[in-house]
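Novice: Got a structure here, written out as structure tokens. Questions coming.
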């Protein structure tokens, strides 16, 4: 059985290195593009509450600065008590600070999650934070070399998707809308006052049929 020549091996190495560099330059799956280096802004994302949960607990979980910010994002009266319970599977909007880093936007300093007994990164990503992030993204943001090895009490950075990028020359709030089953790009565009083309371009989608239930869609909100 013949050996592979050094020239062929070198060629394969250079091709692999090029592909890896290209992939590294692309936003991670589910990440929002943001080329505004060091820009900061306000982010907003849907959170489908996994269990009946008080507003005060949601506020703490996501590191929301004050209750009024959470109330305002959801059009709740300012008199709403922090003990108000959000029903299981209800969606609530979470406001948070956003920063642009390496071509993508991520939540700036919050949320921070303390590992509990029995936790795994996939459980934290899927169940605690309702699949707004992947366990790989948490591991990368938290500097964890082995996602299978975490310790009780360890603090994890949860990189929520966001962006500070202007859209068509206009400053917007990039809203991470969790797509509901049966939704279409056209319906979402009409509901939030944007266009099909804008949604497809922002989210790197080749066509409207690429839309998936549960996808965190970058939706630009104007005048917010």
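Residue numbers in this text run from 1 along the chain shown.
Note: Cβ is positioned from N, Cα and C throughout, glycine not excepted.
Note that this is a predicted model, so its numbers are computed, not measured.
What TrEMBL shows for this protein is this:
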DOMAIN    111-158  domain 'LysM'
DOMAIN    175-219  domain 'LysM'
SIGNAL    1-25  signal peptide
Novice: For the domain 'LysM' (175-219), would you mind checking the mean pLDDT of the predicted model?
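Specialist: Average per-residue pLDDT within the domain 'LysM' (175-219): 96.
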Novice: Can you count helix, strand and coil residues in the domain 'LysM' (175-219) using DSSP?
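Specialist: Taking each residue of the domain 'LysM' (175-219) in turn, the totals are 17 helix, 8 strand, 20 coil.
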